[in-house]
Amino acid sequence: MSRIDRLADQSADAGNRVYDWMNARFDLDSGRKFLGKAFPAEDSFLLGEVALFCFLLLVLTGMFLGMFFEPSTSDVKYEGSVAKFQGEEVPEAFASVLHITYDIPFGMFIRRMHHWAAHLFVASIGLHMLRVFFTGAYRNPREPNWVVGTALAGLSMGAAYTGYALPFDEFAATATGIGYNLATSIPLVGEVIGKAFFGGEFPSSATIPRLYFIHVLIIPIAIGVLLAIHMMILVRQKHTEAPRDDDVRGLTPKGGQPTDGAVTSDGGTESVVPKEDDSVVVGLPAFPNQTAVSAVVFFLTLATVAMLAGFLPVHNIAEYGPNNPAGTPELIMPDWFLMWVYGLLKLLPSWMSFTIPVVGIHISTEFVGGVLLPTLVFGIIAVWPFVDYHDKSVHFTANPLDRSWQTAVGVAAVQFIMIASIAGMNNLLGRALGVGTGVINPILTVALFVVPIGSGLLTYRILEDSTEQEHARQYTEQAEEADDD
């Protein structure tokens, strides 16, 4: 045996001893089993990975921005590159964002990446939840993961809101003031919430530090914990899978060498997996196949965010200028994912503001439209798996066309959010049509109820008729086959 061969054997023995030592303490064999876990080859399942990678990009770009951002409303003399503010006293938070944008190398690009990653994060979570809803992937035993996903959707919106409040320009300050008014409108505990989240009556010197703390620590930790819980539940329960058209044939028996055959959830392969058998998942092994797919998704997500950052500008704080308590921007609108809440605030009539007799608790339209109704919407979403409940565990996804009333409810809900979002842009709509908001708002109020109900009923009727026609066709075919026999 050559010296090189002896060294190779010694290295292998040393490696085995190290692995045995680590395995005895950390159970590495269970990790090796996970590497063979099956992931269905479904493109729509990758939306969850897009959300995960967007969160990673948000953390990385946020770390860069956090090194230069100053969470303070104290006035400082601006001495940066923007000529219009040269030598003026501006809030330190505003000055630091100008410094990041115009003076730090790649600062504008990183800020844009952070912005678009946030939008893509919210969008991918929303699309992921729509996919899960319409395919019934929330059913038993996956109700807990649906609740976790709902919480993630709410936290993603909260992270975005606290983020665009930080520059403390005129737009951000106005949006922050709206949030403060909504928080303090909550009966009994409003003032406490206002002090906890906004540092007291707005504007306050504690507002930006408080929101910054929530934005960079509280919400990211909560999102990270929920993502970890989401992934642990997913690994424990295994993926849902689309119904199979036929039995899936592998190339080796279960426990054999890895092949391109029917990979199952236990990390092995089976010679035949019956199409009705949902106890195993047929798909790609976590390593190396799914890992390679995930790597491609990551780089595509990174490329998409980078392309958006390179070509599309973001909120121009230099145009709005620093916070001016005596003024209000001509046009204030939230980001698209909060537009529906803004629309509800605009459509609610003033008579919905009232005081409850005897107890003297005041209920304002701000509370109803900006807090109560959005909370009700998220509450309904969270408990939906318990409304559409199944005693038996379901591991195959469903065809939305075969779920008449569930699909109808989903269509109606989407229409409700869309109409409410349009109401949030009633000023722009009025300008485009040449009419005032006094004309548009009553129409939108009626549409907010009529359109969702009408579209839901129409969807239900169409799907029911389609199902009846399919049953009639199958009955006719069976009758013809019986006659032939």
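Our numbering is plain: 1 for the first residue shown, then up by one each step along the chain.
Cβ atoms here come from the backbone N, Cα and C positions, even for glycine.
The Cβ of H128 (heme binding site) lies under 8 Å from the Cβ of L47, G48, A51, G149, each of which sits 6+ residues away along the same chain. What Swiss-Prot records for H114, H128, H215, H230 is heme binding site, and it gives similarity to another entry as the kind of evidence.
Swiss-Prot lists 244-273 with the feature region 'Disordered'.
Residues annotated as transmembrane segment in Swiss-Prot, with sequence analysis given as evidence: 45-65 (among others). Counting only same-chain residues 6+ beyond the ends of the transmembrane segment (45-65), those with a CB under 8 A from a CB of the stretch are 39, 100, 110-111, 113-114, 117-118, 120-121, 124-125, 127-128, 131, 152, 159, 216, 220, 223-224, 227, 239, 293-294, 297-298, 301-302, 305.
Residues or ranges marked as transmembrane segment by Swiss-Prot: 116-136 (among others).
What Swiss-Prot records for 146-166 (among others) is transmembrane segment. Within its own chain, the transmembrane segment (146-166) is flanked in space by residues 51, 58, 69, 71, 93, 97, 114, 118-119, 121-122, 125-126, 128-129, 132, 138, 172-173, 175-176, 179, 208, 211-212, 214-215, 219-220, 222-223, 226-227, 229-230, 233, 315, 334-335, 337-338, 378, 381-382, 384-385, which lie at least six positions past its ends and keep a Cβ under 8 Å from the stretch.
Taken from Swiss-Prot, the feature transmembrane segment applies to 213-233 (among others), supported by sequence analysis. Sequence-remote contacts of a segment are chain residues at least 6 beyond its ends whose Cβ falls under 8 Å from one of its Cβ atoms, and for the transmembrane segment (213-233) they are 52, 55, 58-59, 62, 66, 71, 142, 144-145, 148-149, 151-152, 155-156, 158-159, 162-163, 166, 197.
Within the chain carrying the transmembrane segment (292-312), a Cβ under 8 angstroms from the stretch's Cβ atoms is held by residues 39, 46, 49-50, 53-54, 57, 109, 112-113, 115-117, 120, 284, all 6 or more beyond its ends. The transmembrane segment feature in Swiss-Prot is assigned to 292-312 (among others); the stated evidence is sequence analysis.
Residues or ranges marked as transmembrane segment in Swiss-Prot (evidence: sequence analysis): 336-356 (among others). Remote same-chain residues near the transmembrane segment (336-356) are listed as 119, 122-123, 126, 157, 160-161, 362-366, 368-370, 373-374, 417, 419-426, 437, 441, 444-445, 448 (criterion: CB distance under 8 Å, separation of at least six residues from the stretch ends).
Residues or ranges marked as transmembrane segment in Swiss-Prot: 367-387 (among others).
The transmembrane segment annotation in Swiss-Prot covers 409-429 (among others) and is backed by sequence analysis.
Sequence-remote contacts of a segment are chain residues at least 6 beyond its ends whose Cβ falls under 8 Å from one of its Cβ atoms, and for the transmembrane segment (433-453) they are 343, 346-347, 412-413, 415-416, 419-420, 422-423, 426-427. Marked as transmembrane segment by Swiss-Prot on the basis of sequence analysis: 433-453 (among others).
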Which sequence positions outside the transmembrane segment (367-387), separated from its termini by at least 6 residues, show Cβ-Cβ distances below 8 Å to it?
-> 129, 133, 138-140, 142-143, 146-147, 150-151, 153-154, 178, 182, 185-187, 190, 341, 344-345, 347-348, 352-353
Roughly how wide, in whole Å, is the group H114, H128, H215, H230 that binds heme, by largest Cα to Cα distance?
-> 24
For H114 (heme binding site), list the number of other Cβ atoms lying within 10 Å of its Cβ atom.
-> 21
Count of other CB atoms lying within 10 Å of the CB belonging to H215 (heme binding site) | 23
